[in-house]
Amino acid sequence: MNSLIVATLLLILIGFAYQVGWSRSRQVAPAGGRLHSRPNYHGARVAIWALVPALLILGLWAFFSDAASRAFVMAQLPSDVRAMGGSELAQALSRIEQIATGFGVVGEPAPYESAAGQALREFRNLAFALVVAAAAGTGALGLYLARRRIAPRLRARDEVERVVRYLLIACSVVAILTTIGIVASLLTEALRFFTFVSPIDFFFGTVWNPRFSTVGAGTGEYGLLPLLWGTVMIASIAMLVSLPIGLMTAVYLTQYARPNIRNAVKPVVEVLAGIPTIVYGFFALVTVGPFLAGIGDLVGLDIRATSALTAGIVMGIMIIPFISSLSDDIIRQVPRAMRDGSLGLGATQSETIRRVILPAALPGIVGAFLLAVSRAIGETMIVVLAAGNSPYLRLNPGEPVSTVTVTIVNQLTGDTDFASPQSLVAFALGLTLFLMTLILNVVALFIVRRYREQYE
Amino acid sequence: MAEILSQTQTASDAPGDTLKTIRSGLTRRHARERRFRAYGIAAICAALGAVLILFSMILAKGIPAFTQASLTLDVFFDPAVIEVDPRPEPQPGQSPADYQKARLDWERQVTLVNWNRILEAAIRQAAPDMEVDTRQALSIVETSERFVLRDRFVENPALLGQTVKVDLLASANVDNWLKGNIDRSLPDSQQQLSAPARALADRLLENGTIRFAFATQIFTNVDSRSAPASAGLAGAFMGSLYMMLVVIVLAVPLGVGSAVYLEEFAPKNRFTDLIEVNINNLAAVPSIVFGLLGAAVFINYFRLPLSAPLVGGLVLTLMTLPTIIIATRSALRAVPPSLRQAALGLGASRMQTVFHHVLPVTYPGILTATIIGVAQALGETAPLLLIGMNAFVAAVPATPLDQSTALPVQIYLWQGNENRNFFEARTSAAIIVLLGLMITLNALAIYLRTRLERRT
């Protein structure tokens, strides 16, 4: 309710200030002469001058109001109630709060409660009125000062544009802040983790067994290698599936297919890119896993329903459109002259593709490949559902494994106790994952960019 | 081509042989060409097959879940069983707190009524000749349905002593049994329902008491663990909706502002290079790392509530931001420079050029990028698990600060439910809803893009 009033008042203030600036600038415009800026810029300038101080005051109040009203209630309470402390004090405070809002409490309120509730309500109303008045006052002051400076030569447009420019810069900085936030949070929490477990044990340990946090701090073993091995194995299987299929799809669609077939097939393949990963996970768990296990039974291999193979194959399917559309772009960038030259010398189409086009496109394809690998190792939901979550070093892809991302989810899901190594290890794992994908991305982007420059 | 050259060289001394060698080589080369082409077609078939299998699996499993067994029973609100005081009404002069207490006391009385007896009587009446005990009779109806009776009574106490036709949900086990999801030949020990209850279910289906109706509760109910047949997506849907609102409100202005600054205003220096590299990298950071950021910064540092759509929305905003920035930048880059030169030449400032002339041309591109970014955020699961959105929440969130889950997280929760037989179908149904939403969004993007591009 209050925020609605404040928002309405602010809107009125902005509208009024804009109107004042606009009409004032028309007044001061010399007859026949011209203003430097058009009246709407004068209006916007005055509105900004009025809005900023008002917002500043309201923001300060929003920040401090809870502390202020709590301090006020505490001062109202008799000393014996104040001395109670803990949950009883909290209960008394919430009862007073209910009286103040007019909801009332069950039964007769104690005299001090109704007095304090009454006082709190008056205090709030007064404080609200004061703050609104102060905001309106400073707004009006800003408006007045801004209005006074309006003159035909005033560069109102430049001022407004400078403010807009700062806003745009602030928008760009958000992306930087995100990166800083990621690096800072991962680093600080990972460093806290390394006070429990030495980095050498973490990065080179071969046993993953964190135990439960209730057993006591510092127990358990945190070896990264089994998780890393699972990640690498699943990503390799995924690339083995997606690279040939994705690349051949791109080659066929760019070199052989008629345009109408290409226009029909390409979007359908790209549908695979838009499907949420949780759906792939479910698909792996319900269809692919049992199917592979059945095939394994037929040929006498022991393949589990949830295994590195299941997760890897489904992840490969997920990555097909990624590889195919990136390679598609890259193959189409190979200059036509190279292709025509090879065909003109009598090479067949497949020879041209294998010996001319693909070698020319190789750097770009390598870049696409690295980007795809970075996606594969960061993929979470498919492996959470279908990889079996068993963090042991195993060579057989038919056995369940665990990965870095699965373990992050397991260690941190819904957990806010950031003091035990069991949950902090998620950040050390996250840092590892972030660095791995960062290196892959930087290298891949570098290669792709170099490749583009080569043919542009 | 090396082959061709070597073949022609060796055959150069005997012109008659040359043709023969080339002919024989040609057959081989053409065979290879055909094989290569076949690989391409096979790759495309594999990709298309994956799409086909995925969708047909989900549709086959999910569509049956949209109909569900429900009973229409004549329920007698027996005054001998329902012995409660009349419902309290707000008295003049009574504080809201007192009325609420009286009302809650009354509702507690109503809840303590043995509603199962009323249900049991109604079921027995529907099939009077069947020999079943109380447990068997009650196993026909979902456990949540006695609360449906209670809620109807609370709403309208005048029902006391009347007989009313009520639509109730059959239990998940009955639904499975009647749909044939359970092997009917299994022995009793492996069946969820006892033999008399199974016979009763068959009888009720025969005499029309049980019908298969469209399962509206998938859309209107919230999640439920004790009553799987009544579990629905309403809470998850609202949670996702709030998150998407947060994403749109924050990511679009920030992303467009950032893109405009970087593309149109930023000087080429180290700082802007850094932002650029940084944005490209952020686009490829695994989503789970954003979840870690959310857990460390929003939850642990800013103490925002766990499981709140607001926090989920913030995390997804940071994740979507690079997508929108990159797409907007490429849209801005595609605007012909002549447009800028014309505006600048007529005396517009750079800010006016951008906001009045360049940006409006890019609206279709920005819109498409926004919708695609939102669709991507809608399907994201992993980061939400880390900020506690996988909590079991049996309520529709009223504000973005309430506890809630999201559609993909609900899929994750349901696929892990112990009642596999029932929830595999329910999960697929949820996936159909999610994919339906995403396809609608993407179709909207394509439609708007073609429409807007035609106009400009």
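The backbone N, Cα and C atoms fix where each Cβ goes, glycine too.
What TrEMBL records for B:1-12 is compositional bias 'Polar residues'.
Annotated domain 'ABC transmembrane type-1' per TrEMBL: B:237-443, in sequence order.
Among the features that TrEMBL reports, region 'Disordered' is placed at B:1-20.
The transmembrane segment annotation in TrEMBL covers B:38-60 (among others).
For B:241-262 (among others), the entry in TrEMBL reads transmembrane segment. Long-range contacts of the transmembrane segment (B:241-262) within its own chain (CB-CB distance under 8 A, at least 6 residues past either end) are made by residues 272, 275-276, 279, 309-310, 312-314, 316-317, 320-321, 323-326, 328-329, 332, 354, 359, 366, 369-370, 373-374, 377-378, 397, 400, 404, 406.
Sequence-distant contacts of the transmembrane segment (B:282-302) (same chain, six or more residues past either end, CB-CB distance under 8 Å): 311-312, 314-316, 318-319, 321-323, 326, 380, 382-388. Summarising the annotation, TrEMBL assigns transmembrane segment to B:282-302 (among others).
Using a Cβ-Cβ cut-off under 8 Å and counting only residues 6 or more beyond its ends in the same chain, the transmembrane segment (B:308-332) has close neighbours at 239-240, 242-247, 250-252, 254-256, 258-260, 262-264, 279-280, 282-283, 287, 290-291, 293-294, 298-299, 358-359, 362, 364-366, 368-370, 372-374, 376-377, 380, 383-384, 387, 389, 397, 400-404, 406. Look at TrEMBL and you will find B:308-332 (among others) tagged as transmembrane segment.
Taken from TrEMBL, the feature transmembrane segment covers B:353-378 (among others).
With a cut-off of 8 Å between Cβ atoms, the residues of this chain six or more beyond the transmembrane segment (B:429-448) that come close are 58-59, 62-63, 65-66, 215, 218, 233, 236-237, 364, 367-368, 371-372, 374-375, 378-379, 407-408, 410-411, 414. The transmembrane segment annotation in TrEMBL covers B:429-448 (among others).
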